[in-house]
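Student: Straight out of Swiss-Prot:
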- Leu117, Gly121, His122, Leu123, Ser349, Pro350, Phe351: (6S)-5,6,7,8-tetrahydrofolate binding site (BINDING)
- Lys225: N6-(pyridoxal phosphate)lysine (MOD_RES)
- His224: site 'Plays an important role in substrate specificity' (SITE)
Amino acid sequence: MSFLKEFDKDIFDLCEKELERQSNHLEMIASENFTLPAVMEAMGSVFTNKYAEGYPAKRYYGGCEYADGVEQLAIDRACKLFGCNYANVQPHSGSQANAAVYAALLKAGDKLLGMDLSHGGHLTHGSKPSFSGQNYSSFTYGVELDGRMNYDKILEIAKAVQPKIIVCGASAYAREIDFKKFREIADAVGAIMFADIAHVAGLVVAGEHMSPFPHAHVVTTTTHKTLAGPRGGMIMTNDEDIAKKINSAIFPGIQGGPLVHVIAAKAVGFKYNLSAEWKDYAVQVKANAKILGEVLVKRGYDLVSGGTDNHLVLLSFLNRDFSGKDADIALGNAGITVNKNTVPGETRSPFVTSGIRIGSPALTSRGMKEREFEFIANKIADVLDDINNTKLQESVKKELKELAQKFVIYNQSTY
């Protein structure tokens with residue numbers, strides 16, 4: 001029986017509607033994925049009730065022996081997964097993981113060098129509206145006209161800026177990041193190298209993207225996105241001194257009690273990431289993104305950097321008379337969920353943008369392969385070719401609903 005349905009039908013009904021949306025629409029936001037029912041079940045476990053301030057064997061509350069077991073299992077699996085010595089699995093999100101890194105390793109006003117938001121970076125990499133741009137003196141590097149990072153240029157900027165920390169990682173960059181080169185840049189200016197791999201972590205652990213280890217001094221990730229686990233964050237390092245500073249920065253620095261039920265779910269997710277089938281999934285994610293990009297290029301659309309090495313493509317509409325927002329809405333009406341995104345050389349506001357970001361992880365989790373992605377890519381192009389044709393959008397929506405119903409994700413909205 002559903003306790004939720006009996007107790008709060010309003011929320012239950014919204015859960016059911018969300019299940020219907022996730023089932024019948026094609027989820028192509030690059031940062032979203034479908035997690036396992038076992039992960040959701042762990043999040044709904046009795047660990048929801050437990051306070052566990054501190055760390056395993058060093059708690060401020062009694063009754064934490066099983067919470068300790070959960071957290072230690074998550075830590076051990078994370079270290080095995082990424083090939084590192086230390087992991088903090090307590091951050092509630094990727095942004096809080098990044099905040100803890102800065103709190104641990106920087107003082108207010110220290111110089112931070114990160115990727116420009118409009119070039120594919122993240123708010124927490126020094127963007128002015130973010131705490132990272134307000135508490136620290138932030139500087140940026142970007143991509144060249146070809147949409148790719150120029151590591152020689154980044155070195156020039158680093159030499160001019162002399163940052164305390166260099167952030168490498170992105171939220172909308174379709175090419176593989178060379179962490180070895182970033183470490184060389186950091187060493188050349190005496191900076192800490194901080195890799196935020198939130199978007200590519202699932203590919204990294206499968207050997208489908210260069211690993212930040214052993215190059216980075218400190219690494220953060222989210223546990224959802226390409227890892228397909230619960231929503232949350234994590235920090236890793238091989239340096240014992242940095243690990244101690246990170247632990248103190250998380251608790252008591254910026255968080256109180258950890259979410260033990262979510263840490264349990266993270267451990268379950270890591271078990272999935274450590275399985276033999278995970279490699280197959282990661283390979284398919286990249287193959288699906290590749291065919292998506294190739295079809296869109298054939299149909300005359302511009303991709304930032306011309307293609308993809310990972311799980312996403314970034315379309316640029318700088319040479320079109322419609323915006324990223326227009327494309328986002330039109331595709332949404334056709335049953336495809338994407339997000340508007342700024343692009344290099346952006347001329348429109350961040351609320352309108354000149355691009356969209358499209359990812360393959362969620363539909364790959366549903367079992368879709370190249371054949372389905374080729375079909376979907378052509379439908380995306382059809383909609384964009386005639387962006388104001390609402391009848392076409394309705395017709396595509398029906399076709400895609402039929403496709404979606406062949407790839408069932410969940411048979412219930414709560415676990």
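We number each residue from 1, going along the chain as drawn.
Backbone N, Cα and C atoms are what each Cβ position is placed from, and that goes for glycine too.
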Student: How far is it from Leu117 ((6S)-5,6,7,8-tetrahydrofolate binding site) to Lys225 (N6-(pyridoxal phosphate)lysine), counting Cα to Cα, in Å?
Tutor: 19
Student: Whole-number answer please: how many Å between the C-alpha atoms of Gly121 ((6S)-5,6,7,8-tetrahydrofolate binding site) and Lys225 (N6-(pyridoxal phosphate)lysine)?
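Tutor: Distance between the two Cα atoms comes out at 16 Å.
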Student: Can you grab the distance from Phe351 ((6S)-5,6,7,8-tetrahydrofolate binding site) over to Lys225 (N6-(pyridoxal phosphate)lysine)? Cα atoms, rounded to a whole Å.
Tutor: 23
Student: Report, as a single number, how many Cβ atoms besides its own are within 10 Å of the Cβ of Gly121 ((6S)-5,6,7,8-tetrahydrofolate binding site).
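Tutor: Neighbour count, Cβ to Cβ under the 10 Å cut-off: 26.
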Student: For the residue listed as 'N6-(pyridoxal phosphate)lysine' and Pro350 ((6S)-5,6,7,8-tetrahydrofolate binding site), what Cα-Cα distance in Å is obtained after rounding to a whole number?
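Tutor: Cα to Cα, the residue listed as 'N6-(pyridoxal phosphate)lysine' and Pro350 ((6S)-5,6,7,8-tetrahydrofolate binding site) are separated by 22 Å.
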Student: Expressed to the nearest Å, what is the distance separating Ser349 ((6S)-5,6,7,8-tetrahydrofolate binding site) and His224 (site 'Plays an important role in substrate specificity') at their Cα atoms?
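Tutor: Between the Cα atoms of Ser349 ((6S)-5,6,7,8-tetrahydrofolate binding site) and His224 (site 'Plays an important role in substrate specificity'), the distance comes to 28 Å.
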Student: Which whole-number value in Å describes the distance between the Cα atoms of His224 (site 'Plays an important role in substrate specificity') and His122 ((6S)-5,6,7,8-tetrahydrofolate binding site)?
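Tutor: One finds 16 Å between the Cα atoms of these residues.
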Student: Which chain-mates of Pro350 ((6S)-5,6,7,8-tetrahydrofolate binding site) that are at least 6 residues away have a CB under 8 A from its CB, listed by sequence?
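Tutor: Same-chain residues close to Pro350 ((6S)-5,6,7,8-tetrahydrofolate binding site) (Cβ under 8 Å, separated by 6 or more) are Ser118, Thr342.
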Student: If you count other Cβ atoms within 10 Å of each one's Cβ, which of the binding-site residues Leu117, Leu123 has the most?
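Tutor: The largest 10 Å Cβ neighbour count belongs to Leu117.
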Student: How would DSSP class Leu123 ((6S)-5,6,7,8-tetrahydrofolate binding site) in three states?
Tutor: helix
Student: Max Cα distance spanning Leu117, Gly121, His122, Leu123, Ser349, Pro350, Phe351 ((6S)-5,6,7,8-tetrahydrofolate binders), Å?
Tutor: 16
